[in-house]
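Participant: After the structure tokens below, expect a handful of questions from me.
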Amino acid sequence: MGVDGEDHQTTELDMDKIPEHVAIIMDGNGRWATRQHLPRVAGHKAGMESVKKVAIAASDLGVKVLTLYAFSTENWKRPTSEVSYLMKLPIRFFNTFVPDLVAHNVRVMVMGHIDELPAGTQKAVNQAIADTKDCDGMVLNFALNYGGRDELVGAVKALGQDIQDGKLAPESIDEQAISAHLMTAPLGKLADPDLMIRTSGEERISNFLLWQIAYSELVFVDQSWPDFDGESLKAAISVFQHRHRRFGGLVNK
Ligand code: IPE
Ligand code: IPE
Ligand code: MG
């Protein structure tokens, strides 16, 4: 369900029912730019401003983990010029925004194949992680060169290796063992999103957290990512708060 029709100024939230882990598929940057006769990369630049606004808003609301899908394992298929712009964005983002993150006690985490990114991007990412390592408020978790299937392949390989090394019996593989080998494992109990939002009107998962969204509430909004802000986040959380989560049982949670 879209939330664009709601009056963003009057969104009332139940502060006792803020989703602990919110994941966002930040989509629609290119179309946002094209609609304004701008190059697609102008949409990515504007999208970076949304990341700042939404990260602070989420932290202020008491969200514990905000996972943002920034670059998928499939996004390498895009023209080289767009890919290289997207690879420079984290450098610009962290260079300007880390002091704000520290001021809000936000810790940066990154999941995905960082080793395949250009050296300058890796450096910026690792610096941001180091600069915020003592923050113990919200975790701002970027999925960068991340793919859900790739993540599951990695987990299966690691489990296979443990079996070959005699450290694991196949019959002892359970859901916890799989979760422990996913890139969200450092998040512990908070690994699975309570709420997953996708902007831009598309209603698909595009290889984001496949295992972890088993019982996530999905909210699709028509706004493009550059138009999404703190009020949009509140509106999506309001939709979440009106859902009834049952986890297969009969009791609403
Ligand atoms: C999302 O916006 C950002 C990334 C995938 C990196 P898009 O670039 O996918 O924008 P649209 O979907 O083409 O409008
Ligand atoms: C998903 O958006 C990836 C990110 C937001 C980083 P895409 O724009 O790549 O997804 P598709 O191609 O429309 O499914
Ligand atoms: Mg897209």
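Cβ atoms here come from the backbone N, Cα and C positions, even for glycine.
Not my notes, these are from TrEMBL:
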{"type": "ACT_SITE", "residues": "ASP27", "note": "active site"}
{"type": "ACT_SITE", "residues": "ASN75", "note": "active site, proton acceptor"}
{"type": "BINDING", "residues": "ASP27, GLU217", "note": "Mg(2+) binding site"}
{"type": "BINDING", "residues": "28-32, ARG40, HIS44, 72-74, TRP76, ARG78, ARG198, 204-206", "note": "substrate binding site"}
Participant: Which recorded positions from the set HIS44, ASN75, ARG198, GLU217 have a C-beta atom lying less than 6 Å away from ligand 3?
Facilitator: none
Participant: In whole Å, how far does the CA atom of GLU217 (Mg(2+) binding site) lie from that of TRP32 (substrate binding site)?
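Facilitator: Rounded to the nearest whole number, the Cα-Cα distance is 26 Å.
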Participant: Would you mind listing, in sequence order, the residues at least six apart from HIS44 (substrate binding site) in the same chain with a Cβ closer than 8 Å to its Cβ?
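Facilitator: Long-range Cβ contacts: ASN29, GLY30, ALA33, GLU82, TYR85, LEU86, LEU89.
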Participant: Using a 10 Å radius around each Cβ and counting other Cβ atoms from all shown chains, which of the recorded positions ASP27, GLU217 yields the largest count?
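Facilitator: Per the Cβ count within 10 Å, the most buried is ASP27.
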Participant: For a quick check of packing: other C-beta atoms within 10 Å of the C-beta of ILE205 (substrate binding site), how many?
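Facilitator: Step by step: centre on the Cβ of ILE205 (substrate binding site), count other Cβ atoms within 10 Å, giving 16.
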Participant: Looking only at Cβ atoms, how many others are within 10 Å of the one on TRP32 (substrate binding site)?
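Facilitator: Excluding its own Cβ, the number within 10 Å is 24.
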Participant: Tell me whether ILE205 (substrate binding site) sits in a helix, a strand or coil according to DSSP.
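Facilitator: Assignment for ILE205 (substrate binding site) reads coil.
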Participant: With H, G and I counted as helix, E and B as strand and the rest as coil, say where DSSP puts THR73 (substrate binding site).
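Facilitator: For THR73 (substrate binding site) - judged by DSSP and reduced to three states - the answer is coil.
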